[in-house]
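Notes to accompany the following structure.
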Amino acid sequence: MKTLLFLVLISVCWAEPHPGNSSLEHERIIHIQENGPRLLVVAEQAKTFSHRGGNVTLPCKFYHEHTSTAGSGTHKIRVKWTKLTSDYLKEVDVFVAMGHHRKSYGNYQGRVFLRESSENDASLIITNIILEDYGRYKCEVIEGLEDDTAVVALNLEGVVFPYSPRLGRYNLNFHEAQRSCLEQDAVIASFDQLYDAWRSGLDWCNAGWLSDGSVQYPITKPREPCGGKNTMPGVRNYGFWDKDKSRYDVFCFTSNFNGRFYYLIHPTKLTYDEAVQACLKDGAQIAKVGQIFAAWKLLGYDRCDVGWLADGSVRYPISRPRKRCSPNEAAVRFVGFPDKKHKLYGVYCFRTYN
């Protein structure tokens, strides 16, 4: 037993660094240098802002922790950009660069490239932004066995609006909800977009799908049919539901557009089919729901005349509340889905700029 204790004490003493032994200290420093300086990837800002049709730069730079140089020169630098899905379950490839080799993917092809303003600049430029570009992007830099990442969010100026089809309330599964938004010049909204809309005053009692597969709704004025009048304002969460079987409304997001939204001055009121033809004759198309919301929210479009839209609904946009025209609030007023063959209204058209 004494012999064992003696050996343990010797081992402990041998393991302790000797403050006066410079050779041991020197060996420790050399060991760190052999591993090389640690690679760091940094995003100068966590969020960027743009709009549909615009350009944006997602910032990303890489450094070594103990040097100011971009790379060690031993290995080629590989830069990879991916987009995180709204549920964070997978990543979508956007762009990869290594040496002189460059590759972009999917609908990013021809629209993305590296800024490369310096040797350590891995920032990504996205041109001609589309609605689907909204979201979080990951910048990954790889050098040999070292790698690091940074995440940057791309936010778009736009508007969130609730949508339900002619069939009525709670008739869309998740996939149908996605298609409905696309048909109305929009995409299904994310939680962050709905939350921002709620903070801006959006109040809607019907629950709707969001892009992560959850079902939620925003309440600014608590009341009995919407969770109870004694509850706090907020975005109410129904949780995640079966995307194929569960049916709700949907919250869509749209941004500005490359065209002109307008009410067609016509000598008579029109049926739906007549409205479609009237817009075509004027060199335009009947407007979509997303376009009336974008014109109202982003351009301040205001018109008290009710008019047909492409989905067969009748609506009108009010930015300046007044008597007989949404006296209590600015809103896109929904009249309903009238009989297409017999009801007569005006029409809102949309002409795309060349």
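Cβ atoms here come from the backbone N, Cα and C positions, even for glycine.
Residues or ranges marked as disulfide bond in TrEMBL: Cys205-Cys226, Cys304-Cys325. Taken from TrEMBL, the feature domain 'Ig-like' applies to 37-155. Annotated domain 'Link' per TrEMBL: 159-254, 259-351, in sequence order. Here TrEMBL flags 1-15 as signal peptide.
For Cys304 (disulfide bond), the count of additional Cβ atoms within 10 Å of its Cβ stands at 14 [all protein chains shown]. Working note on the disulfide-bonded residues Cys205, Cys226, Cys325: by count of other C-beta atoms within 10 Å of each C-beta, Cys226 ranks first. The CA atom of Cys304 (disulfide bond) is located 25 Å away from the CA atom of Cys205 (disulfide bond). Here Cys325 (disulfide bond) is positioned 22 angstrom away from Cys205 (disulfide bond), judged by their C-alpha atoms. Distance between Cα atoms for Cys325 (disulfide bond) and Cys226 (disulfide bond): 26 Å, as a whole number.
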